[in-house]
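Take a look at the structure below.
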């Protein structure tokens, strides 16, 4: 399951976080006078005025960011009418400030300014996830909608076998059940929480598009794509290029998994040709398939001698021990330990006395040292990985705390997600599990195929989903997909990119996109697709720096301080330079390259090709 970053500077100044897509307050009368006072319309657009404007913008954003982040934290860890009200007010206030500053920054588009000032002006203009138009009431309405969408998701429950269950409970059942009827009921049951979101979502799109056009973009999707140091159309083409690098391997994996599901359930449930039934894959959104490893495990090519969840349970791990183990990985690379306040203020397990947003996230509340995670941690292999991932956000946040406010962020949003995923590649290796005492010995090469298959079921199965979520939203934002077509378009994208279909016909009022956190939470999703590329680039480069000469999938950089030094150099840059420069600082490469994925999984791809010999691969979409 993909996670979310919450950082005070990025979250509030650039609105990168779910649930904070528009930070502000319902204060319509104050918006226009504030803008006029900050930058009179008649003021000359000079380089000196641009520098002064940026300095003032950073101060104003920094002054409000901590308050906003703390309100966000309070609502996320205690969902009540009152905390939702507080969040909605601060959301509207921040949205109005963001829109004011974005419009102010646009005044200097044709003025020659120093490079760092130009970058900050661009970040002000490009960084708003959902811009409200500059008219009375717009920011307040947008804030109310986004808060309501997020809370509807967070508190969602549905009836299953005579009782109301949460997403957490449904996800566990989905991972463990092998009863097709039960899986269908869980898949469809969770999606009953989202139809009520559809009218709000459509209205939100209208408001955000109006705001995006005021900022000079064709629509909100175009504005999102402009935030990667390249033109929007060029960025879309780049993601297409990267997907084409990965797609043949995904199709190989899809073909193998479909065949194993057919062997398990028979033609009536899962035919041996065409798309895969989405509810059979062990995950509520079919984005990662590792939970069905028992169904698709190799009948030849070796067996795995351990189960990470059982290793953790056997070693008496609890939630706190899992987080401390994750912290120790980063410390072993020469990074400083987490502050004591992290342990005092984080939410590491689910409270029993209140509603919370359980979706795992990493937080920076003061742009300095008040960093935290929020998780409903369970002792299992998935959360062991997630802990290492979330802490990557926290160590990144602390590394760039010395940067100016607008540069306190990842080189791009994909970088922020990739940092923890990169460490996670080492954290899941038998080499690392042996290093920290969970395994007595490192298994031999005979276990490579099972290990790589488990990794591919999560890492490679995710890639088309990581691409399709925003492809759907881009179509919504640009009007190609109307509200009446929301669900049909989502199902069409599932088929096109993932080769999957729902377990049965969807109701006329279905709004399946809303059943995925990042849609009502308004978190751009292409970052996760990019992270899927970057993490393997980082891993290949780090293993080379460490002098590793064995198979890439067996490399662990745990304890390597030289790699840690170069890694931290990249982290400290924050968003101060274009992402290719940050990439080069650590890897020596300036571009995106998915070949590291094929290098990592090379033995598995050969094995899959042999297993699929004679099969009718593909799904005809």
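Here, residue 1 is simply the first one shown, and the rest follow in order.
Backbone N, Cα and C define each Cβ position, glycine as well.
Whatever TrEMBL says is automated annotation, not expert-curated.
The feature signal peptide is assigned by TrEMBL to 1-20. What TrEMBL lists as coiled coil is 47-74. The feature N-linked glycosylation site is assigned by TrEMBL to 78. Annotation source TrEMBL lists chloride binding site at 228, 527. Per TrEMBL, the feature disulfide bond maps to 358-376, 543-555. Positions annotated as Zn(2+) 1 binding site by TrEMBL: 389, 393, 417. What TrEMBL records for 389, 393, 417 is Zn(2+) 2 binding site. Per TrEMBL, the feature active site, proton acceptor 2 maps to 390. According to TrEMBL, the feature active site, proton acceptor 1 maps to 390.
Taking the features listed in TrEMBL, we show where each one sits on the structure.
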residue	record	Cβ neighbours (10 Å)
78	N-linked glycosylation site	16
228	chloride binding site	22
376	disulfide bond	18
389	Zn(2+) 1 binding site	27
390	active site, proton acceptor 2	26
393	Zn(2+) 1 binding site	26
417	Zn(2+) 1 binding site	27
527	chloride binding site	26
543	disulfide bond	24
555	disulfide bond	22
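Taking a C-beta cut-off of under 8 angstroms and a sequence separation of 6 or more, residue 358 (disulfide bond) has the following same-chain neighbours: 154, 167, 168, 350, 375, 376. For residue 389 (Zn(2+) 1 binding site), the nearest of the recorded positions 78, 228, 527, 555 in terms of C-alpha separation is 527. Of the candidate recorded positions, 78, 417, 555, the one lying closest to residue 228 (chloride binding site) when CA atoms are compared is 417. Here the Cα atom of residue 543 (disulfide bond) is found 21 Å from that of residue 393 (Zn(2+) 1 binding site). Spatially, by CA atoms, the recorded positions 78, 393, 527 include one closest to residue 555 (disulfide bond), and that is 393. Note: the Cα of residue 417 (Zn(2+) 1 binding site) and the Cα of residue 78 (N-linked glycosylation site) are spaced 26 Å from each other. You'll find the Cα of the residue listed as 'N-linked glycosylation site' roughly 28 Å from the Cα of residue 527 (chloride binding site). Taken together, the residues of the coiled coil (47-74) have an average pLDDT of 95. Cα spacing between residue 527 (chloride binding site) and residue 390 (active site, proton acceptor 2): 15 Å, rounded to the nearest whole number.
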